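According to TrEMBL:
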DOMAIN    10-420  domain 'Major facilitator superfamily (MFS) profile'
TRANSMEM  48-68  transmembrane segment
TRANSMEM  75-93  transmembrane segment
TRANSMEM  99-122  transmembrane segment
TRANSMEM  134-153  transmembrane segment
TRANSMEM  159-183  transmembrane segment
TRANSMEM  221-242  transmembrane segment
TRANSMEM  262-283  transmembrane segment
TRANSMEM  295-314  transmembrane segment
TRANSMEM  320-340  transmembrane segment
TRANSMEM  361-381  transmembrane segment
TRANSMEM  393-416  transmembrane segment
Amino acid sequence: MPGGTGRWKPIVLLALAVGLQSADAGTVGALAVPLKQALHITNTQVGLLVTVSTGVGALATLLAGAFADRTVRVRLLWMALLVCSAAMALSAASPSYGWLLACRVALGAGVAVSGPVVASLMGDYFAPSERGRVYGLVLAGEGACTAVGLLVAGELGAVSWRLGFCWLAVVGLILAIAVATLLREPRRGGSSRLGDTASAATTTVLHENAQHRSVWRDVSYVLAIRTNLVLVVGSSFGYFFFTGLSTFGVALLCGRFQIGQAVATLLIYILGIGALIGVLSTGRIADWLTARGHISARMMVGGAAFLVAAIFMLPTLLTHSLWLALVFAFFAGIGLGGVNPPLNAARLDIVHSRLWGTAEAVRTTLVSISTGLAPLAFGVVSTQLGGSSAATALNHTFLIMLVSLVIAAALILCVARRTYPRDIATTMAAELLTTSPAEPDRTVQTTGKSLLVADAVV
């Protein structure tokens with residue numbers, strides 16, 4: 001990927017935009033104790049603060065995706081960041097739990113915008129040949145923001161829980177100003193929007209004026225792309241396991257190896273280091289293979305990452321040695337972290353550029369259902385397996401749930417890998433049909449070679 005500040009500005013700012021949401025979610029967890037003491041609330045009420053913002057965000061994401069496909073995305077992003085900043089500032093000033101909960105509702109609506117807008121901008125800022133690498137950098141930045149959010153909120157929370165929200169409000173305001181002044185709105189798909197004049201082929205969803213297209217028709221079209229549907233379902237299975245791991249991972253370590261929570265939390269970071277390596281490497285590997293004619297490389301690398309995670313997670317759960325478990329968990333973390341960069345880049349390949357926001361919104365909404373059900377499912381199964389040892393029951397639960405990673409790998413490697421070449425060729429052809437003749441044909445320049453490869457495959 002070429003260097004230069006012009007290339008790094010969108011990467012850094014988009015990573016911070018999605019990272020702000022992750023940092024906020026981590027902040028609530030870090031401030032749980034001071035929040036309970038100051039507002040006299042229970043663990044259930046603390047959990048509700050996250051659930052409400054996440055739930056509202058999931059519901060608002062589809063609408064945000066439609067806006068991302070129809071409006072100026074950079075403007076939409078900085079306005080959403082301002083809403084988030086204001087909601088966090090009001091959270092810091094909350095006189096009661098009810099006030100704080102209401103602020104979380106507004107925050108959920110604001111953060112819903114980041115996913116669809118960032119995905120759409122990524123597709124237009126960067127060429128298909130480098131999207132895997134760039135997605136890896138953005139996701140690594142998001143992970144860094146989560147870690148920083150936990151660290152800073154924990155330190156400030158020791159002084160006052162209000163400072164934990166206040167610093168995010170300041171960061172959100174600065175980020176909104178930076179996005180508004182430093183980012184430019186890229187041309188969609190490398191060409192102008194469709195004008196009022198249309199050809200006889202304007203009977204499909206892609207040829208309709210964006211302002212008059214039905215949101216539900218866009219959603220139906222996105223889900224009708226077989227590869228995209230398989231990617232969404234496979235990702236949901238992957239996120240299901242990952243959410244269960246993030247919820248009960250510390251408890252599993254404490255119970256199995258008889259260690260304290262502080263040590264267990266520190267050991268979880270080893271898995272996080274592995275995940276960071278995976279995030280930064282798999283997108284680059286997939287891009288490298290794609291450039292050498294392996295049209296389904298992103299499917300193969302993403303599916304292999306799921307498989308690696310499952311293979312190394314199994315001995316992690318079976319060994320009785322803490323140090324061996326850490327080694328296996330490190331490699332499992334590489335697999336878990338390596339899933340998203342190639343698959344996120346692949347999603348941009350198979351969906352028309354005018355529907356990138358909707359595609360990301362659909363993915364986020366369906367994955368949110370999976371992540372919402374995961375903690376409950378893990379908890380119910382471990383309770384049913386209770387017996388004499390809670391730690392053993394939880395370990396058996398993870399062994400059972402490991403099948404979700406195997407299913408995800410099978411879907412990507414056995415189904416999506418076969419349908420991906422045809423879907424990418426179809427999307428490229430659609431991009432050509434919806435490119436204005438007056439504009440330079442960037443689509444041909446960047447993807448012509450891949451189109452020939454796809455045609456040869458199918």
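For all residues, glycine too, the Cβ spot is worked out from N, Cα and C.
Please treat TrEMBL annotations as automatic predictions, because they have not gone through curation.
The recorded stretches the transmembrane segment (134-153) and the transmembrane segment (393-416) do not share 3+ CB pairs below 8 A when only pairs 6 or more apart in sequence are counted, and are therefore not in contact.
Same-chain residues lying 6+ beyond the ends of the transmembrane segment (159-183) with a Cβ under 8 Å from its Cβ atoms: 9-10, 13, 16-17, 20, 23-24, 27, 30-31, 34-35, 38, 74-75, 77-79, 81-82, 84-86, 88-89, 91-93, 121, 149, 152-153. Using a Cβ-Cβ cut-off under 8 Å and counting only residues 6 or more beyond its ends in the same chain, the transmembrane segment (221-242) has close neighbours at 205-206, 303, 306, 336, 339-340, 343, 346-347, 350-351, 355, 358-359, 362-363, 366-367, 369-371, 373-374, 377, 401-402, 404-405, 407-409, 411-412, 415-416, 419-420, 423. Outside the transmembrane segment (320-340), and at least 6 residues removed from its termini, the chain residues within Cβ reach (under 8 Å) are 135, 139, 235, 238, 242, 256-257, 259, 267, 270-279, 281-282, 301-302, 305-313. Tallying C-beta pairs under 8 angstroms between the transmembrane segment (262-283) and each of 48-68, 75-93, 99-122, 295-314 places 295-314 first. A Cβ distance under 8 Å defines the sequence-distant neighbours of the transmembrane segment (295-314), meaning residues of its chain 6+ beyond its ends; these are 132, 234, 238, 278, 282, 285-286, 289, 328-329, 331-340, 342-343, 345-346, 349, 398-399, 402, 405-406, 408-409, 411-413, 416-417, 420-421, 424, 450, 453-454, 457. Over the domain 'Major facilitator superfamily (MFS) profile' (10-420) the predicted model carries a mean pLDDT of 85.
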